[in-house]
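Let me give you the structure first, and then I'll get to my questions.
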Amino acid sequence: MLLISIAILAFYLAANLGANDVANSMGTSVGSKAITLKQAVIIAGILEFIGAVCFGRAVAETLGTEIINPDLFADTPQLLLLAMVAVLVSVGLWMQIATSQGLPVSSSHGVVGAIAGCSWVAIGPEAVNWSSIGTISIGWVLTPVVSGLFAAGLYSIVQRNILAKTNPQVYLAEWIPWLSAALVGVFGVIVLPIITEPINQFFGFPHGYLPLIFGGVAWLGITVNGWQQFNQQTPLPGEGREKLTSDLVESVLARFQVLSASCVAFAHGSNDVGNAIAPLAVIAYILSTGMVPQTGLNVPLWILIVGGVGIITGLAIWGKNVIATVGEGIIPLQPSSGFSAELATATTILLASRFGLPVSTSHALVGAVVGIGLVQNWRSVKLGTLKAIALAWVTTIPICGLLGAGVFVLLKAIFNG
């Protein structure tokens, strides 16, 4: 009964995480009118759930064992159990408040801050692994800057080589294979190696063989589909073919934007579900073994499902608030700029993963949108919205840390009193 009650708390946190973080993958697609809000919820729900259930263990293991010094809790596992319950309650409350205000805060900020706050109150400052938090903080600072630079560079290429040309349809047709290659390259490096590795091991295929084949097929399919859509929407001679409007160009690029958003949704689900289920996984481990997890943390499938279902429930019910903020509240977006923002976000997350840095998808996407806004016209960036988002980022760690510590003290007084 206790575990079921705690699982409900994890579901609550996952729902608030899904409501807030769906904007990371679909906010720009909705803002640029590439897809509707209903379509965004359906696409994000499916891909976030698959990513969470299939590939969500790694982040949960990291958060469950590397933010604290587990040796200090070895003799008092019940303290760590109460701390993790406090994390679920405090971060869930803060995420709900932020989502109701349309602020895209970072769930990783909240979970790390709450774990640190609870551990400090439970044992002392030595219970917190400050070196790990320092490494994570570096990633948080660099993420929006790197993503903004990537997005600005990519959008500049699209603008200079396609949008600004006298006959953009000619240059769009030439660039479709290159845009497809960029999309498949990022998606393939993030997802395909994970999917194909078990197949490689089972059949004994050479490493990298299947991702290369699947990536090539995907590139060909996206390129051909892009050309087909381009030919269908290009006016016939005598109907103004020599002057293809920007609306037609953007409609073709909208297809690429939806695919890039899908890539981010899958990657986001596989990474950020750990923020919601890591405390539950630690609690389940303590209840089943009576010990504190040290280096390895087993995450059962049912816990991954709780997180995945919670994410899609939250984004379906409350996700529209934050989608509107990221998609429309910072700068006006078109499919060309939305595609650039999402591809830059996925690329930044991938590079950070290669260096072992757990970064914030919210940071990456907002940085990308701002980078594009600076390329278009810096005056178009809505500084008021940006300041509100930055304030939410900065305050999330101390708020969740203090809130988590307060909830922990209250729980300790109730159960030990």
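From the backbone N, Cα and C atoms, a Cβ is placed for every residue, glycine too.
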Looking at 108-127, 208-227, 328-347, which stretch does TrEMBL describe as transmembrane segment?
208-227
With contact taken as 3 or more Cβ pairs under 8 angstroms (pairs 6 or more apart in sequence), are the transmembrane segment (35-59) and the transmembrane segment (299-318) in contact?
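Contact between the transmembrane segment (299-318) and the transmembrane segment (35-59): present, because at least 3 Cβ pairs are under 8 Å.
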Would the transmembrane segment (355-376) count as touching the transmembrane segment (79-97), i.e. at least 3 C-beta pairs under 8 angstroms with sequence separation of 6+?
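No, since the transmembrane segment (79-97) and the transmembrane segment (355-376) share fewer than 3 Cβ pairs closer than 8 Å, they do not count as touching.
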Given the cut-off of 8 Å on Cβ pairs that are 6 or more apart in sequence, determine whether the transmembrane segment (355-376) and the transmembrane segment (273-292) share at least 3 such pairs.
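Judged by the Cβ rule, the two regions do not touch, with the required three close pairs absent.
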Using a Cβ cut-off of under 8 Å, list the residues of the same chain at least 6 residues beyond the transmembrane segment (299-318) that approach it.
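Same-chain residues near the transmembrane segment (299-318) but 6 or more away: 7, 10-22, 41, 44-46, 48-50, 52-53, 56-57, 60-61, 99-100, 269, 273-274, 276-277, 280-281, 284.
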